[in-house]
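Copied over from Swiss-Prot:
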type	residues	note
ACT_SITE	Cys181	active site, for beta-ketoacyl synthase activity
ACT_SITE	His316	active site, for beta-ketoacyl synthase activity
ACT_SITE	His356	active site, for beta-ketoacyl synthase activity
DOMAIN	10-433	domain 'Ketosynthase family 3 (KS3)'
DOMAIN	902-1180	domain 'PKS/mFAS DH'
MOD_RES	Ser1702	O-(pantetheine 4'-phosphoryl)serine
REGION	902-1027	region 'N-terminal hotdog fold'
REGION	1042-1180	region 'C-terminal hotdog fold'
REGION	1746-1771	region 'Disordered'
Amino acid sequence: MAENVQNPPVEPLAVIGMSCRFAPDLDTPGRLWEFLRAGGSAVGEMPDRRWDPYVTDSRTRDILRTTTRKGSFMRDIEGFDAEFFQITPREAEYIDPQQRIMLELAWEALCDAGLPPTSLAGTDASVYVAANSNDYGRRLLEDLDRTGAWAVNGTTFYGIANRISYFLDAHGPSMAVDTACAGSLTALHVAGQALHRGETSVAIVGGINIMASPALVVALDAASATSPDGRSKSFDKAADGYGRGEGGGVVVLKRLSDAVRDGDPVHGLVLASGVFQDGRSDGMMAPNGSAQQRMLEEIYRRSGIDPGTVQYVEAHGTGTQLGDAAEAQAIGNVFGPGRDGDNPLLIGTLKPNVGHVEAASGIAGVIKVLLGMRHGELPPSPHEEPDPGLGLEARGLRLVAEPTPWPRGEHGMRAGVSSYGVGGSIAHAVLQQAPPRPDRTERPAAAATGRPQVFPLSAASEQGVRGLAGSVAAWLRAHPETALDDLAHTFTARRSHLSRRAAVVAGTTEELLGGLDALAGGEKSPAVALASASGFGDGGAAGPAWVFSGHGAQWSGMGRELLTTEPVFAQVIDELAPVFSEELGWTPREAIEAGGPWTVVRTQAMTFAMQVALAEVWSDLGLRPGAIIGHSVGEIAAAAVAGSLDRAEAARFACRRARALGKIAGRGAMAMVPMAFADVEQRVAGRDAVVAAIAASPLSTVVSGDTAAVEALLADLEADGIQARRVNTDVAFHSPHVQEILDEVRQAAAALRAGTPRVTLYSTALADPRSDAPREGEYWATNLADPVRFHQAVRAALDDGTRVFLEVSSHPVVAHSITETALDAGVPDAHVAITLRREQPEQRTVLANLARLHSLGTPVTWSYDGDLVDVPAVRWQHKPYWIFPDTAPEQGAGLGHDPQTHTLIGARTTVASAPVQRVWQTELHMENRPYAQSHKVVGVETVPASVVLNSFITAATNEGERACGLRDIVFRIPLAAHPTRVVQVVLEQDKVRIASRIKRDQESGGVRDDEWLTHTTATVVHEPEVGARPMEDPDVIRARCPVSWTWAKVDGIFRTMGVDGYTFPWVVEELLRGEDEQFSTITVDHTPKLHPSSWTAVVDAALTASGVLVMDENSNVLRTCSHLESLSFVGPPPPRIHVHTVRDPRTPDTISMTVADESGAVVCEARGLRYVKVQDIGSGAVGPRDLVHELAWEPVEVPADAPVPSQALVVGGAAGGPALVEALTARGVRARAVPDATAIGDASLTCADVVVVAPEALLPGEAPEQAARRCAQLLVDAVQQVAAVPDERRRPRVWALTREVRAGATEAALAHAPLWGAGRIVAGERPDLWGGVIDVAENAVPQQVASLIGALPHTEDVLSLDSEGVTAARLRQVARPAEREPVDCRPDGTYLVTGGLGALGLEAARHLVEQGARRLVLIGRRGLPSRSRWDQVDDPAVAAQIAEVVALEAAGATVRVLSLDISDAEATARALDPGALDMPPVRGIVHCAGVVSDALVEKTGAANLDTTMGPKADGAMVLHRLFPAGTLDFFTMFSSCGQLARLTGQVSYASANSFLDALAALRRSRGETGTTSFAWAQWIGRGMGETTGRATILEAESRGLGGITVSEALRSWAYADRFALPYAAVMRVMPDHTLPVFSHLSVTDAGAQSADAGGVDWATVPAGELPELVLKVTHEQVAAELNLAVDDIAIDQPLLELGVDSVLTVALRVRLHRCFAVDLPPTILWSNPTVRALAEFLAAEVGGATADAEETDPVAGLPAPQQGSGTAEQLDAVAAAAG
């Protein structure tokens, strides 16, 4: 048939993008097509949650009982990615889900079109959306008490379209259309008119329908419009009304010419459209076939399209007999003439598939037709039997019954789509297949060559971008033939680049998949960049500051790869050849290919050549600088790239400047000094041959000058403990050396003509970094002669807003300086990218940094050519947003919860918060426990974990979620059933928790928010994690588990430990144990007490039986579940189960279990069930307050009549030695000074004389750690010389003088500090010849010192002398209010542990992970084998270390193990260099490294001191210099308090530990409050405590020093962190101690018998007064332990919520035990979590004990023995949370 040429059609409209979401979960056009082609039906039961709020009212309940409850429902209409659209959770609740879904669909459709949504900002893009019901919005507006401002836009039709326009910042027409079911075709028509009239250039068109309330269904049922079974039977004999459906669709339209011009994909064409009205007919809702016919005829007439050219009509097809008949007649009359059985018009509709989506039905039909055209096929229109009454065949029509090839006509595939509204509006559109695409230009594919490219992904959150990576990887595996060029083009040019970005560098599909998998899995990969951009989209971001560094980046091989891979690089290199050849006799290409030698001339000239060529590479990749900085010679390239200098002229100048510098080569040197520029200037003042040359950063300066002068300066610096390093150059740049060549440089620069730079160009040569002085003439002399002010230029850029820097060089030279400057400026979010790195693949290094820059938000003009592919563009991060009306359902049993459901789900309410919380509240007491049998743990009736977990699942299911399990379950504290509690289950998005408070007798005064105690938290899992798979063959498992335990045996162990009873009736038939696994078979007795569909009993049985695996026959340690990674299940609970439990070999306290039914099918899985020990005070354990001590000083009286020694020998050559000799002589003492101890033996001394060891603290050029060895050795030598005197009557006493060690403010103090420790040991070994240590303050005079020597009692360890007098060291408990918050580890920081593979180091590492550390570096001298060999390790010790590292990683930490001698400064600096470490900045250090070299003082030699001082003192100093005061959050050093007890054989060890103590004081004096030296007592069973001999332990205890357990040590560490202590001695004080340093300490455990209870004798308190008094005292004791005022603690506030952690729980139990003489079980806070509850418990115990005493004991006041309370050593509560 011919077209009607009298009415030529207007320009067709191109459909360039589309998206959809239909029931049940058809969220892409592809999934919709497969569903349609298969004849699928989405009809199902209405989700219970939808109408639940309406059935609580008896009136509506009766109505809804007969309302149609079937239809095509989407599974998720609450889910929305609010964060993506920058909508607050609170506002999202008030936005109609139709608006939310359309936002997402609009974004998806634009991405499908390859039209970056953010590119529409400010354009005339338009939005036309159809909707005709606002169930959700209407309900919100009617809820007057709770409606808010957000409902204004969130509940309306206009808001659907306007919100899209608002988010996209689109300025074209934006409107909602409501013509009922004709709405979306009406929107299409209106959009087409606007496009034809030029009102808009791109139109977003869609329709949406959601059924959020039953109101419209009730009305439609009343009108007999709906089908009872919810199914639309279009054109079917059984048609009985339509089935409602949910869904939406969006298409994106452009004029065809515009789409072709822009290279857009074209899914199909809209040739014509029209909207008409039925007018007055048989009824407003009645169909009008005549009007439909007139509409069709008019549309085709106007458009000039012959209806005979249409092969298919997507009919309205509601499925009502009247409507189908009218439509069939109209279609037949218009399209039927001339057709026969061989050429029928094919008709169909998708309503039988996805329901009648009403306002969205027209757009749904359009999408179906476009998909059919794409595939050249028509999907079936499901039906049972065509209605013969319609006469389809006679009318030339045929209903599509099966997938049918689309008949082709002269114009290809054509179709009509009809939609008719219930109010009489009718619409129709004519579609045609897309024109053929232009032939693709052939080009070499990147995948064929392996040429790497950058593939960027982005989202609004890290979860979104990782999820997108997973989606893309799955898509790519399904489409492996996809060209990488097309993917790169799609990702770079056809997507918006959002705020959270990632980019993968890959050259092959396999590489790309590897990077995507790493990104999706949260793994680190060098091929993947991930960062947050500075803003949403690229619009406002500035380019990075390009930094052209100076001398030192050269390396052999640089540039070679780029010559072959980057044409623009080679082009620039070759462009420079004539200039270089003329000036220097060689070309840049020749230099690159030769790879050296790197003379100063060649290095300087090639620095310019490489930099300008690399800059061209960056420009070619689409990067533009936001600013430019040059450093020394780098200023030349900087000026050229900025456009200030012509590149050829700049090259000539660079060559001539380089040639001039060659004349002064070989005479100079440079060095990097870790000091500020001004400080270095002061340091070199007066030195003629060395100057401060480069201000690199606030912390680093480069000096330059004569070689000898530089070396001398380095030696002086090293003597002061400052580690400087030489720079690899023999030219003294920026020093007086360059004066002789300045005229030559000026002459070379004279030819330069500087222009205005195109970009901000900072100066490093001038005082003002922002100076616009022209880069010509004298500027370049200044550049060479004056200091480089790099620090100032970078700081100016930072102050001007620059946050991203790019070093353009062959190797990073200044990147570290930029980072230091940024941190000093308080800009932690500054980032530095590089260009190349030595020996690294060049092209990939450049692209990896391009990926990083893009991820940071740097604008990139991408230039990847290719075609658009339909790879996923977004992975929505849905969270539920929904507001139900408040209801008051009838209370079930138990004031809300029904015990028979095995949940604590009570009365439901909604809390208006952001996001909205759903809360179920009930009361729990002994009579309404939601489990079948009593379950007591240590006498506390405890709700089992299975009930809590079931409550969580039930809450999510009640809210309409598809709850398939839980993850990240944290058991904070068990829930006790007594006393009566008010319990809440709270669901907030996908987070769920259970909390309780104790119900008070009188609650009229209201309830405080802080009375609630959270017990357990979890996250709901919406997708099933239990796959359809069988369990491993039970017989195979049984074979590996040869040991059989009867349940009677297990029950006996449980009951011995205090677990009394199991919550549900189940029977363990068999329990077989292997080494790390267990197999059990259990029958669950489903008695009438058990709800038949409840998993609670099965989970309870499985968890209880599985918990047996973590205990043995002698288990006596209380354990409780602390965390469960995941729990999932599927199907109904089976009555008989097999349970396979496996212990994690890396973490023995963690198990996983798999549960199968009798057929072997897995029905339930639990992963990562972790048990932790509950802290117990036991019989000897104490709180940290009793263990942590600090050093104090008390006055000592000097005897007035003390004897004066006859002779004194002053040994050591201290500067103050002569003055001391003079002062002693003045007192009548024959005194003299000698340089060393060898003179002692010949001095003819007697026991009435003294030897004074007084070494010089620091010799010239001596480091403190070297001086410390010398000083300690001098003392040892002196003691050895005295001890060697045969006649004991001639042995004088040895005294040691130290200076300012107590003050700790100088490095000299470090040198003398070992004398404190060594002296204490000598006092223990040789009390017969020891005098003591006197520490002299700066203000003390020699006469004071002389008066003390020999006069003071030699029983003291250390005496301090200052102008105020003499004081002695004493330990005292740290018992004062906390001075600061405990230091938590940052997840974005790195933490070092030296000695990290030792026992204490690994304990420290575990402690750091528990405090939040997620990146650890464990440093050990030996390290570990490579990870690939870990499975082959047979050394048990190494294998144990590997297991510990794996356990740390399993706990969430990234662990790097370094084999490193921490005392090697250079090796340590290299290993911990930020570039080498490739980890976040180091935030904290725990220095555990230590080696013992025991020997009596007479046998101690230099080797002993070297052995112990090396790792401890030298290692600490290396770290101190690398991380100066102020650069760390904490620096914790492990010292020892063995010296305090004067332990035998530890001279060298005590010397090293005293050095650490002094270093902590030094750092504190410099303002760092995070440095502490912990002087530990023996850790029982750990570290050196494992190998300490029994004799040493007995010696320590006899002198008052007792060991501590690991848990006590870690609790003490956490406790001490609350105070600003430079030194903390952690120890247990034993009875009968006599040493003066312990004189103020009471025995650690003695307080258990008495505590400050205000002098109360509880036995005498009248019963009526007891509760009030106990409450008062308990309140005071709790406040004292927490260091809070009594008024700051509410008596009904849970102590756990006040910060009472495991450390303070133990301390609190200890304190209350001392006060009341009542044993408090470790479970006390489970059942008594508040001050009031504790007091009630204590009053009952005290009262009961008093009553018993009165009845049984005539002695008043003696408490009766406590029976049956149980201690932690009697418990292993694997059932506490599990069963």
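From the backbone N, Cα and C atoms, a Cβ is placed for every residue, glycine too.
Overlay of Swiss-Prot feature records on the structure.
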residue	record	Cβ within 10 Å
Cys181	active site, for beta-ketoacyl synthase activity	28
His316	active site, for beta-ketoacyl synthase activity	32
His356	active site, for beta-ketoacyl synthase activity	29
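Mapped onto three states, the DSSP output places His316 (active site, for beta-ketoacyl synthase activity) in coil. When the Cα atoms are compared, His316 (active site, for beta-ketoacyl synthase activity) and Cys181 (active site, for beta-ketoacyl synthase activity) turn out to be 9 Å apart. His356 (active site, for beta-ketoacyl synthase activity) sits 9 Å from Cys181 (active site, for beta-ketoacyl synthase activity), taking the Cα positions as reference. DSSP assigns Cys181 (active site, for beta-ketoacyl synthase activity) to a strand segment in the three-state reduction. Note on the region 'N-terminal hotdog fold' (902-1027): its mean pLDDT in the predicted model is 78. Look at the region 'C-terminal hotdog fold' (1042-1180): DSSP puts its residues at 25 helix, 59 strand, 55 coil.
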